[in-house]
């Protein structure tokens, strides 16, 4: 009887397959700063109108980001920018607020994608299939476009905030915890747009409370001393 030789094992190739249709890229800007909203953008690019030079927004100059911002808005099939406010960040925490902003950005798209690609390693809850891609802003053009829209939108917000609170220097540091920003927090305390749930801001708020309480105590003591009645003078003589 002829012996049966074992056949070589054949592994089935698993090729990625995705349903045809529109794909949206999603990214955020502003998770790390001490002030302001976190901004997210969602973009569906038009394959018939390619955009040259799309890349991670952090690797581009401000001028190049501005130029690409306008081109993306003009050529994309649709795009959406959304935010989570400072109050939402302080209530939810920065991670959950970021997921909220991303969810709002996707919901704001005029066209519904069949798939969403998100920069990073976490996904917001969405009603369409989604995939998280680490360093996606450098690998996927739609995510690169979203990173540019989010970054430029937030930088413009910081420029407006600088006009309202020039002593913090928001136009230069964009709300990040630079030495300049930390010194301004030390000197002026927190403004309404600072994130109270972030430790450096919480410390600045606490210092302000202590200083105000100390000033109130000192003022009260000084006022008490100033209105204290004078001691009665000794009689200089008796009168009949």
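Here the Cβ of each residue, glycine as well, is placed from N, Cα and C on the backbone.
Features as listed in Swiss-Prot:
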{"type": "DOMAIN", "residues": "21-210", "note": "domain 'RNase H type-2'"}
{"type": "BINDING", "residues": "27, 28, 119", "note": "divalent metal cation binding site"}
Quiz prompt | Proximal but sequence-remote residues of the same chain as residue 27 (divalent metal cation binding site) (Cβ under 8 Å, at least 6 apart) | solution = 40, 41, 57, 118, 119, 136, 137, 143, 144, 146, 147, 150
Self-check item: Cβ within 8 Å of the mean position of the Cβ atoms of 27, 28, 119: remaining residues of the chain near divalent metal cation
Solution: 26, 29, 40, 41, 102, 118, 120, 136, 137, 143, 146, 147, 150
Practice problem: Tally every other Cβ atom lying within 10 Å of the Cβ atom of residue 119 (divalent metal cation binding site). | Solution: 26
Practice problem: Around the Cβ of residue 28 (divalent metal cation binding site), how many other Cβ atoms lie within 10 Å? Please give the count over every shown protein chain. | Solution: 28
Quiz prompt | Averaged pLDDT, computed only over the residues in the domain 'RNase H type-2' (21-210) | solution = 97
